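What follows is a set of notes on a single structure, which appears directly below.
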Amino acid sequence: MNWRTIIYVVLLVSLTVVTALPRTSRDVEGKTSIGQRFSQLHENNFKAIALILFAQYVPGGTFGRAAGMVEQVTALARSCAMAARDSPDCLKPLDRIFFDTICQEKNLPRIADCCAKEDPERNDCFLSIKNFSQGFIPPLERPDAEAACRNYSQHQQPLTAYFTYEVSRKHPFLPAPTILSVALRYEEMMKRCCRGAEGPSQHLEECFRTQAPKVVKPVREDALRQEHTCGILKKFGERTLKALKLTQISQKFPKADFVTVHKLVMDVADMHKDCCRGDMLDCMRDREDILQYVCSNQHILSSKIQQCCEQPLLQRSECIIHVENDDKPADLSPHIREFIEDRGICERFAQEKDTHLARFLYEYSRRHPEFSAQMLLRIGKGYEDLLKECCKPGAPSSCRSRGEEELRKHIYETESVMKTSCDIYNEKGDYYFQNELLMSFTKKMPQLTSAELIKFTKEMTTIGSKCCQLGQDKLLPCAEENLDLVLGEICRRHLAEPINPGVCRCCSSSYAFRRPCIGKLEVDESYVPLALTPGLFAFHEDLCTTEEEKLQHKKQEMLITLLKYKPQISPEQLGSVTAAFSAMRERCCGEAKPEACFLKEGPELIKRSEKMLSA
């Protein structure tokens, strides 16, 4: 099996690759025969996609068994394409053939129950296995450099296929085009780093150290974005997801009319429903249909996407997502007062509520690319609440006129929060800005582990470094939309293991208001502080490390422990304790035997700190 050829061919194929995929069992038998698909995809492409699908549907299996199933289904496809077109097996929908192939295997984990069911229940059962497997398979790790290059020199093609398999089973909801793109980057890394494998081992390690993030980071980012979108759909429903996509598409394509934008919103929402269910065949076909529509209608959508549409299919989607918003139409009026002042507003709102609100959101979003999607959703919710109140019988005629004032107030509040955060970041820098976040979030969510608090606040600090350098027209979309990803992670963590009632309220009540809600959380009053045990604060000579990053990490762990011990600590008390700790560290690290010094001075520091904290 020429896996390297498979991956390169799949990366370069045109739209026919995904166009040839079936619409699963919803298709009428005979229209989606495996022979037709094999002929349209060609053998290499068929095999690559089959490997990914088998790995995703049976994540607890092995590479050898997945490769064996690929060969079985490919042999059937080949025979159906060549001669046996009318055989009953050849007329089955492709997804049924895949599941039948899996069910022929013996002793695959958690498969027997699914195989005892009939379609479509069998399909749903396999999807539940994909859901169950998430989080139980360890993440990708950077390989041992010398061993990896030895394997690469001896088993170059199977090694890349094995990597494709591992990425697929660790990310059962990641689309095949993303996985194949990652496999290509992996192949490039191995080629680049192992070319000089005969040189010093430190050069090899350095190559892997610098190149591995380029392979792994896109996987994590794509998986996070997809998990985030699926989390919104699952928690807040299809209406919220459609509203979010409406704001984003209206900002991206401000020249497109409402009917065109609405069609794209519906198509994108349907795609996410298939992708989030785990229906990868439908997910890939949906994605291709959208890309084909967008690139066929550039003249009415955007002048900025021509270069994207000239790229191979796998790069096209990512390019369009990241391309800058098109210019607003020259004749677009700055205001949309007709949504407030027209006499027929209440009648339209009563007759076609969702369509009227969607038109408002479309018109407002296309005029304001400088606002984040989440802020636009809050504006949309404010408009909906205004009409609910002002369209009641007996409401004063001046009721709707206060809408603009409330809108200005909300915009000012959001911009002020972001400006204040950036002012702190620009003044303090990465480390001290993260410490400010740690103090805030440890008080809000003391139930999180130190590792979780450091991880989440590190991600927020990265957002500061990325967004605070931008101009006012780009700051809000950059800051709030990236912060929304982190808050989504926190909320999914809460769903898996509840944090506290405040976090529950913010993560459950409203997607659009999630960020302001979490921002307003204060000290969690339900939290029982840590007891002062002998091992709670331990000081050792590893505090004398000259590696600044390690030292900062240890200090942050101690800061978190202190805040979990005394959540109500004042800034003045924290300053005093920090100064006393720094003095002890400097003194002990200057001693000939730092460990002995810490053993003596540590308990004394704790006693003095206790007095400071009880004052």
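Yeah, the Cβs are placed from backbone N, Cα and C, and that goes for glycine too.
Quick caveat, the model's predicted, so the values are computed rather than measured.
Some features that TrEMBL has for this protein:
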SIGNAL    1-20  signal peptide
DOMAIN    22-216  domain 'Albumin'
DISULFID  Cys80-Cys90  disulfide bond
DISULFID  Cys114-Cys125  disulfide bond
DISULFID  Cys193-Cys207  disulfide bond
DOMAIN    217-409  domain 'Albumin'
DISULFID  Cys230-Cys276  disulfide bond
BINDING   Asp279  Ca(2+) 2 binding site
BINDING   Asp289  Ca(2+) 1 binding site
DISULFID  Cys295-Cys309  disulfide bond
DISULFID  Cys346-Cys391  disulfide bond
DOMAIN    410-607  domain 'Albumin'
DISULFID  Cys422-Cys468  disulfide bond
DISULFID  Cys467-Cys478  disulfide bond
DISULFID  Cys491-Cys507  disulfide bond
DISULFID  Cys506-Cys517  disulfide bond
DISULFID  Cys544-Cys589  disulfide bond
DISULFID  Cys588-Cys597  disulfide bond
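Closest by Cα distance to Cys467 (disulfide bond), from the disulfide-bonded residues Cys90, Cys114, Cys506, Cys589, is Cys506. Most buried of the disulfide-bonded residues Cys90, Cys507, judged by other Cβ atoms within 10 Å, is Cys507. Long-range Cβ neighbours of Cys491 (disulfide bond) (same chain, at least 6 residues apart, Cβ-Cβ under 8 Å): Gly231, Lys235, Val503, Cys506, Cys507, Arg514. Distances between the Cα of Cys597 (disulfide bond) and those of the disulfide-bonded residues Cys125, Cys230, Cys517 are shortest for Cys517. Spatially close to Cys589 (disulfide bond) yet at least six residues away along the chain are Glu541, Leu543, Cys544, judged by Cβ distances under 8 angstroms. Checked against Cys90 (disulfide bond), the recorded positions Cys276, Asp279, Cys295, Cys478 differ in C-alpha distance, with Asp279 being the nearest.
Considering only the disulfide-bonded residues Cys114, Cys125, Cys207, Cys295, the residue whose Cα is spatially closest to the Cα of Cys517 (disulfide bond) is Cys125. Taking all protein chains in view, 17 other C-beta atoms sit within 10 angstroms of the C-beta of Cys346 (disulfide bond). Mean pLDDT, taken over the domain 'Albumin' (410-607), works out to 94 on the 0 to 100 scale. Figure note: comparing Cβ neighbours within 10 Å for the disulfide-bonded residues Cys230, Cys478, Cys544, the maximum is reached by Cys230.
Looking only at Cα atoms, Cys114 (disulfide bond) sits nearest to Cys230 among the disulfide-bonded residues Cys207, Cys230, Cys295, Cys309, Cys468. Put simply, of the disulfide-bonded residues Cys80, Cys125, Cys230, Cys309, the one whose Cα is nearest the Cα of Cys207 (disulfide bond) is Cys309. For the pair Cys80 (disulfide bond) and the residue listed as 'Ca(2+) 1 binding site', the C-alpha distance works out to 27 angstrom. The local packing around Cys207 (disulfide bond), expressed as other Cβ atoms within 10 Å of its Cβ over all shown chains, amounts to 20.
The two recorded residues, Cys468 (disulfide bond) and Cys478 (disulfide bond), show a Cα separation of 9 Å. Listed in sequence order, Gly464, Cys467, Cys468, Leu475, Ala479 are the same-chain residues at least 6 apart in sequence whose CB falls under 8 Å from the CB of Cys422 (disulfide bond). The CA atom of Cys125 (disulfide bond) is located 47 Å away from the CA atom of Cys346 (disulfide bond).
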